[in-house]
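Peer 1: Pulled these features from TrEMBL for this protein:
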type: TRANSMEM; residues: 20-39; note: transmembrane segment
type: DOMAIN; residues: 83-227; note: domain 'Flavodoxin-like'
type: BINDING; residues: 89-94, 141-144, 176-185, Asp211; note: FMN binding site
type: DOMAIN; residues: 282-524; note: domain 'FAD-binding FR-type'
type: BINDING; residues: Arg301, Thr538, Ser599, Arg600, Lys605, Lys606, Tyr607, Val608, Thr609, Asp642; note: NADP(+) binding site
type: BINDING; residues: Arg457, Tyr458, Tyr459, Ser460, Thr475, Ala476, Val477, Tyr481, Gly491, Val492, Ala493, Thr494, Trp680; note: FAD binding site
Amino acid sequence: MENSEGVKIESTVVTEEPLISALDIALFVVIITVAYFWYFKRDKQSSSSEKKPYTIQPSSLSSIEQTSNSSFIKKLKSTGRSLVVFYGSQTGTAEEFAGRIAKEGARYKMKGMVADPEECDMADLVEMKEIQKSLAIFCIATYGEGDPTDNAMDCSEWLQNGDADLEGLNYAVFGLGNKTYEHYNEIAIYIDQRLEELGATRVHEIGLGDDDANIEDDFVSWKEKLWESVCSHYGIEETGEESNIRQYKLVDCSEVLPERIFSGEISRLKSYENQRFPFDVKNPYLSKIAVNRELHKSGDRSCMHIEFDIDGSKMRYDTGDHVAVYPKNSSELVDKIGELLNADLDAVFSLLNTDEESSKKHPFPCPCTYRTALTYYLDITSNPRTHIMKELIEYASDPKDQEKLKLMASSTPEGKKEFHEWILRDNRNIVHILEDLPSVKPDLDHLCELLPRLQCRYYSISSSPKVYPKSIHITAVLVNYTTPTNRVNKGVATNLLAQLIPTNDELPQPTIPIYIRRSQFRLPPKSQTPIIMIGPGTGLAPFRGFIQERDYARKEGREIGEMVLYFGCRKKDEDFIYENELQEYVANGTLTKLHLAFSRDQPEKKYVTHLLEQNADELWNIIGEKSGHLYVCGDARSMAKDVHSIIVKVVMEKGQMTNSQALNYVKKMEQQKRYSADVWS
């Protein structure tokens, strides 16, 4: 019935109304209109895109510029260059070396440029062969536990994970390392070998610089032989032109508005007035000094316990991390430079890179005053390198001063000896050089170009965030010493910190810029795992945090493993730091054993290494039978090496292994993060 009604209705419509209703016509018009606009608008956009290949919207401008800037090949080709020098730098030395190589390239008809691998697309290396007589040089530092520097991380990963065909690429590598560390120049060695594996041609053998000895001498010696190899490889000759070409030009900024002038900020203008999270190497947090107290009980040395207030900063740290502190030079030294050069330190200036293609427009935040540059941005207390001696020659009016500078700038045996004795052994900084060579009067802007950047100082954090979530503690020895020329040299950071004493009144508290650097120096994931900690002197710092964290876990009712601490200092009644705290942890059971060595409290010197040798059974019980963790913090040059030798010996004797088996066992411990070192030289 329904079907017959349906047919009837349909029949009625056909016979009684038009074939298409008004509603149908309206819908049809709408559909046609939409289709028309969609089709013709698309066609118009298509034709427009044919005329303009790229349409840059404001939101995508920065990313497109970044892509363009990352192509170092385009820069090389567009500027007629054939030499690119990449640097992996944590403290600025590798970057400085890279700049010196690029500058010298002109003497060999190889126009060069310096490149930060973090800002480059390293895949462009495959196109280097398209540039005639091209060369890529890598100045690479090894950092931490055999890690690449922050800015070389992506480059290292690209080489490790990629399989690019680098045939036709000519290269050379210079590494910056320290022989007191186990992973000596590991990253440079890896990059050198990996480039060869990918088909590249090594123009000159790898150079390995040792910062524990004389890395400047290592670099200069390698560089001289490098250019000999380059001349031989490409069939070119040195032009012989010795010219001190300025990398930056002076710009007078006396008319710049005060609010546009940098006053010590690391990167962003007014960053200390308008603090923004997250805080890092380029954006440090201006922290108040909450506590600054003396730890030594007597004697002529000083060790400070300092607490940085991070309440409200959103900064988080883990036990074992480091805190970076940005220091400033003493006003006394800064004023001395102004006096020696008869310069107006309050003049506002800028240094602008003469290479328009360089991504580094200024050597430090500009514009600023000379006083600001010398106080916050430039290292005026370290020993200048030989290239600075060379650049100072033209400013010496006395022939004797000229000859002395020429000698120290040379690579002759006599020159190297003079530089080592007069600069390194006598520990002269730029202020001392200007004092002792009175006819040397460099232009202050040129001196600012030559001096390296003032670097932040890293300290092991000596607190646990579980116990102190709103503050960061450090333990720092005040650095003061007399040089062979009877001058008193002072540590830049520690002497500044010593002056930052918080007050009890309502006056503004002293502040200093800091940021947190992550570390691999970590407690075992399980609180039950037994550990041995070896930390003489301020090497105790991270272990104070370890003990606090385990003590916190114990108070929460969790089971904690054995904690054995080896600590040493000179005299118990003089420099036994945190004595009361440590004794309390022993009393409440958090610290299982506390082995103490006071080196000067008896006729014969006694060190923590002596105690380790005496306690071989305890050592093997924890690291061998119980698979515990071992930690070392302190001096890398002797203490850490001695500890390593003792551990290998204990593993041999107590584990009944051969020397090679024991070495492999300790190596496996390191790979498993069961043997960790936080050391310095």
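Cβ from N, Cα, C; glycine included.
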Peer 1: Please spell out the DSSP helix, strand and coil residue counts for the domain 'Flavodoxin-like' (83-227).
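Peer 2: When I sort the residues of the domain 'Flavodoxin-like' (83-227) into the three classes, I find 65 helix, 35 strand, 45 coil.
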Peer 1: Which of Asn178, Ser599 (the binding-site residues) has the most other Cβ atoms within 10 Å?
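Peer 2: Within the set of binding-site residues, the most crowded position is Asn178.
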Peer 1: Would you count the other CB atoms within 10 A of the CB of Arg457 (FAD binding site), including those on all shown protein chains?
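Peer 2: The answer is 19.
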Peer 1: Return only the integer: C-alpha distance in Å from Arg301 (NADP(+) binding site) to Val477 (FAD binding site).
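Peer 2: The separation of the Cα atoms works out to 8 Å.
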Peer 1: I want to check the contact list for Ala493 (FAD binding site): same chain, sequence separation of six or more, C-beta distance under 8 angstroms. What comes out?
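Peer 2: Ala493 (FAD binding site) has long-range Cβ partners Val325, Pro327, Arg457, Ala476.
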Peer 1: Among all chains shown, work out which of the binding-site residues Ala141, Val477 has the most CB atoms within 10 A of its CB.
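Peer 2: For the binding-site residues Ala141, Val477, the Cβ with the most other Cβ atoms within 10 Å is Ala141.
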Peer 1: Using all protein chains shown, find which of the binding-site residues Tyr181, Tyr184, Tyr607 scores highest when you count other CB atoms within 10 A of its CB.
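Peer 2: Answer returned by the neighbour count: Tyr181.
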Peer 1: Out of Ser89, Gly92, Tyr607, point to the one nearest Gly491 (FAD binding site) in space (Cα versus Cα); all of them are binding-site residues in the record.
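Peer 2: Its closest listed neighbour, by Cα, is Gly92.
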Peer 1: Could you state the whole-number distance in Å separating the C-alpha atoms of Tyr181 (FMN binding site) and Thr609 (NADP(+) binding site)?
Peer 2: 18
